[in-house]
Amino acid sequence: MLALGKLLELTLAGHEPSAKIQLTPDGTRLRWLDEGALEITPPAARDNGLDLLLSAGIHGNETAPIELLDRLLRGIARNELHPAARILFLFGNPEAMRRGERFVEQDINRLFNGRHEQSSGFEAIRACDLEHLAATFFGKDTGRTRLHYDLHTAIRGSKIEQFALYPWHEGRTHSRRELQRLRAAGIEAVLLQNKGSITFSSYTYGQLGAEAFTLELGKARAFGQNQLVNLDLLENALQALIEGREVIDDEPTLDGLQLFAVSREIIKHSDSFQLHLPADIENFTELEPGYLLAEDIADTRWVVEEQNARIIFPNPKVKNGLRAGILIVPDDGAGLA
């Protein structure tokens with residue numbers, strides 16, 4: 001196997017490879033760009049026009065997606081997978097990965113779309129670097145297809161284990177065909193966002209014109225302890241994408257895929273913020289109308305008003321000014337293109 005196929009080992013060890021470019025027997029080029037960043041270029045005759053960005057490890061303790069990308073990259077380096085797409089593999093937060101922690105100083109996935117310019121420290125610099133790597137990878141060739149999957153696992157359990165967040169940007173419409181692709185990859189639900197965000201996938205969607213998704217793939221566990229996380233469908237789908245073997249129906253069906261829309265975000269304004277939910281509550285737990293969800297300074301209260309409301313990403317420990325939870329409601333998909 002080519003040494004650059006061991007990107008995860010290099011990243012965890014903090015080593016820079018001596019050889020920055022290597023070729024597989026079938027002519028696929030592997031090029032080391034930066035710590036945790038490797039570009040794959042297929043032979044020109046096999047290039048199908050897809051630019052695929054696969055990122056994981058934005059949170060260093062979310063290991064199942066990291067291990068998935070490691071398996072895919074090793075398959076390419078062993079000449080077992082034969083790419084027809086350009087691919088950028090990114091391990092988002094190498095230092096947090098080495099420590100086995102979600103982040104070192106602050107959450108990188110709250111530092112995109114310019115937010116890193118308002119901050120300092122290791123993660124702010126890394127967020128800027130990731131934006132640059134993504135922008136350079138996608139480049140100025142608008143004739144190619146751009147797709148970004150940012151792979152995560154959650155800090156809590158979920159009633160729907162594998163789900164996606166689809167970013168929003170003014171003037172763009174969510175794609176039914178992309179949702180069909182996710183459904184075939186084992187994704188059970190998609191949250192259709194309705195405002196801009198400061199996450200990595202929101203940056204690539206809004207600023208770089210990619211179809212982009214944050215994929216939540218189960219619960220965060222340590223390296224080597226992901227036997228209960230079944231990513232077989234996603235791994236098969238990514239292999240097909242990489243090799244250009246994907247089959248997409250002419251009339252996309254979303255049968256079995258649950259769609260949700262954001263109703264409200266719960267913003268933590270002060271240290272007095274209280275979230276009235278059990279510490280072990282699962283994502284997608286339903287909340288009844290009238291439920292007092294949270295309280296903050298100046299008599300701020302969040303009371304559930306929506307029918308069939310569910311909560312995702314409840315986290316009272318976020319910094320002041322950040323989102324401490326999202327109330328979502330079912331969506332009929334009428335706005336899809």
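For all residues, glycine too, the Cβ spot is worked out from N, Cα and C.
Of the listed candidates (His116, His132, His148, His152), Swiss-Prot assigns His152 to the same Zn(2+) site as His59, Glu62.
Per Cα geometry, His152 is the residue among the binding-site residues His59, Glu62, His152 nearest to Glu216 (active site). Taking the centroid of the Cβ atoms of His59, Glu62, His152 as the Zn(2+) site, the other same-chain residues with Cβ within 8 Å of it are Ala56, Gly57, Ile58, Gly60, Asn61, Pro65, Arg102, Leu151, Thr153, Ala154, Ala220. The Cβ of Glu62 (Zn(2+) binding site) has 27 other Cβ atoms within 10 Å, all protein chains considered.
DSSP assigns His152 (Zn(2+) binding site) to a strand segment in the three-state reduction.
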